[in-house]
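Per TrEMBL, the features are as follows:
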REPEAT    25-57  repeat 'ANK'
REPEAT    126-158  repeat 'ANK'
REPEAT    226-258  repeat 'ANK'
REPEAT    460-495  repeat 'ANK'
REPEAT    496-528  repeat 'ANK'
REPEAT    529-561  repeat 'ANK'
Amino acid sequence: MECIIKNGGLVDATVLVPQLDFQESHFTPLLFAIELKCLPSVKVLLRSGASVNVKVNSNGRTVLFTAVQTNTFKIVKEVLKYKPDITEFDNKQSLPLAVSGNGKRSRLIVNSLLDYGLVIDATFIHDMNFIFEAVTNGHISIVGQLLERGANVNSKDSNDNSILYRAVEQDNLKMVEEILKYKPDVNEKSSIESFTIAVSGDGDHSKRIVESLLEYGFSINSERLQDKTFIFNAVKKNHVSMVGHLLSRGMDVNIKDHLGYSILYTAVRHKNLNMVQEILKYKPDIQDTSNIQSLTMGVSAYAKSLQLIVENLLEYGFPITSKNKQNEKFMLDTIRNHHLKVMDLLIKSGANVNAEIQGKCLLEVGFSSRYHYHTDMAKLLIENGAQVKNELLKKAAENWKPDFVELFLQHGADPNFTDENGRTLLYDIANTSISCDAETRSTAISLLKFGAKIDTQTKQGNTVLHVCCKDGGYFRKGDVEFLCKHGARVDIKNESGKTALHLVIESGNIATVRTLLSHGANIHSRDNEGRTPLHIACLLWITEKIRFLIEHGANVDCKDNNGGSAIQVSLRADGRLANSTVNRYTSETDYNTFDLMLNCSSNNIQDLIKTTELLMSKQQSSNYNRSRMRCTLVKHVSKLRELGFHDDEDDIQFQRMFKQLTNTIDQRELTTFVSRCSVEVQIMKVESIGDTKISYYDFLRKTCHRVALCLKNKSFCTGLELSQFKTSFPSYATMVENKFKQGQMRLNLLKEVNLERQYLFPELTFDCVQELLEYLDIEDFHTLVRVFPADRNVSVVENPTSPIATDKEDILDISTLAL
């Protein structure tokens, strides 16, 4: 557009534009841009000299009039910058046009026109439609100017309503205040009717309008004093000033509506505290039936304002009647809605604090309320003789009310009471999780603070720790940590002989397993079937837990009551696997886990025979890839034979079975593997570890105890930590690494045992003790450390109340062990 204007375009050119009514109108570019509400084009045209006073047709289409007609404030403001002629008739008509619009933009346009200089002339002053439009659309400044210039403040519209009536009807407080400045007639019928409109309105504006009318001098006539609807509307809408004015003029304070309710009852029902206080100033009758019901109404709901209302009614003199005392609902509402003063009066008048309402005692009603979070009511009842029973404590805990639990414990509730199955309240809480929310945690802390026994066992021998571990997802880790920090014993067994660790292996997660071990859980503990946690993990084939337990010292060679090691349990395909839903030995992780167990075992010939028998069994099983497992076992035995274990002169039965096993796998692959192992062994025989004279070959042939003694040599230990063997002997790397880890664990246990050597073996020399300790397996070491801790003041005492808690392994006779 700017380019066209620079090249000679006429900014005031007139063009004939067809309209929707098939008529034609003349437009300049500026008028057309305003019609389209295109502010950028309007600015360009005005800057380029377009005339603001042009009038192109007989319809009054001046620039200013058109801008006002579009109701676009920014365009009107822009046009006014270029000084349109205010004496032009059509421009004058812009003001009533703007006044006829409502909304914020119209008011801004009107104010801009007035600021620019458009004036209210006699035509407007005597135009009743104009002033009523201004009132209706909220143009306060226009109304003020009209009244200032002599417009009749008592003028009426076609419905015989005044402008004051119209302003009240619009709920426009500022307009009402503006009109009142010009002294409307207080006796004028329509203005008096404004009261009815204002009183029936909602909100703060209506209240302030009523107050403004009263302050101005409007009075209540005798007709209003007899109008029940009028005062009841005022009460419902909380027009306190109006009600006070009516009552001061003689209206009956005990007046009833068509349903027989008094204004006091109505004010209470609407929870209007200020209204109640105003009505009480005029002495309502405390013997009036409806007024008496006001107290019952106030008690029946929960709100801060209602509590204050009830207190005002009691202070005024409304009594607690015998009917109230015997009314269950009144008593129920009093407790539920926390009306302390009412309850105090009920008690003083003889109410039974141990009464039951709807099958609940009053204390239970208190903490069962969804609105009731404070213990004040319960304290009041207890101080006046309410009995605190153990069942009440349980229900408070079930309702997540720790403050009530604390209160009941303070007043004699037993934190250790049990149900018919021997379950304590702490046990019940643990069923849902102790640490899942603040209320449950606070309840558990309160129980423990008041003496709850954390290790109490049910008839099935389960403790709180058992219940937290039996279905433990990740969120149960917090529960287990909480219990352990509060002194829960981690090795108590239930009637099945299972510890918490057994249960976590079955259904928990690694984080919870780690927590139990960090608090001293016995990784070698056995259930009634002789199974350790590792047996359980292998039975369910949870590879993550198998590897974790082995890394933390679990004994791969331990046997269950059927003589099965962890490896053999994992391979069995009998009925005990029915609960397992996983397909085992189908991924690389499965094969690596199986290989890890083989490398961590002592490779006893009898164990190898049993493992081989299981793999050679003709029994069909979909639980594992039989050929892949045979290959893994053959390679493992081949590695052992290259190291000098289980050669042809060993057990003939094993050699025969091993030969059969070998024939079931790829011979070329086996030959290549054996050749590689042979080469690695030859290198291991000549390569020493660190600065020592011990070769890797010698290292692998040593017992774990001997390895532990070697690890006292710093150079030896550093040489293994560098892990160069992983690249030098890849076939034996896992075996070396596991041997190193087992040696480290044994060394740590050995240090603990040696600290108490004189206490354990007072008559034996150091060398003799070391020889003796070499014959102990990892489980024996753990037992020594657990039963005879370094702190001699710590004694291991079993739960005297339950024989199930006694672990026979923990009562190890040291003299027998030494022998």
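Yeah, the Cβs are placed from backbone N, Cα and C, and that goes for glycine too.
Curation does not apply to TrEMBL; its annotations are automatic.
Residues 1-2, 5, 11-17, 19, 63-64, 66-67, 70, 72, 74-75, 78-79, 81-85, 88, 90 of the same chain lie 6 or more positions beyond the ends of the repeat 'ANK' (25-57) yet place their CB under 8 Å from a CB of it. Per DSSP, the secondary structure of the repeat 'ANK' (460-495) breaks down as 17 helix, 0 strand, 19 coil.
A Cβ distance under 8 Å defines the sequence-distant neighbours of the repeat 'ANK' (460-495), meaning residues of its chain 6+ beyond its ends; these are 421-422, 424, 426-427, 430-431, 433-436, 441, 444, 448, 454, 501, 503-504, 506-509, 511-512, 515-516, 519-522, 525, 527, 799, 802, 804-805, 807, 810. Taken together, the residues of the repeat 'ANK' (126-158) have an average pLDDT of 82. Listed as Cβ neighbours of the repeat 'ANK' (226-258) (distance under 8 Å, sequence separation of 6 or more from its ends, same chain) are residues 195-196, 198-202, 206-207, 210-211, 214, 219-220, 264, 266-267, 270, 272, 274-275, 278-279, 281-285, 288, 290-291. Helix, strand and coil content of the repeat 'ANK' (126-158), in residues and according to DSSP, is 18 helix, 1 strand, 14 coil. The DSSP breakdown of the repeat 'ANK' (25-57) into helical (H, G, I), extended (E, B) and coil residues amounts to 16 helix, 4 strand, 13 coil.
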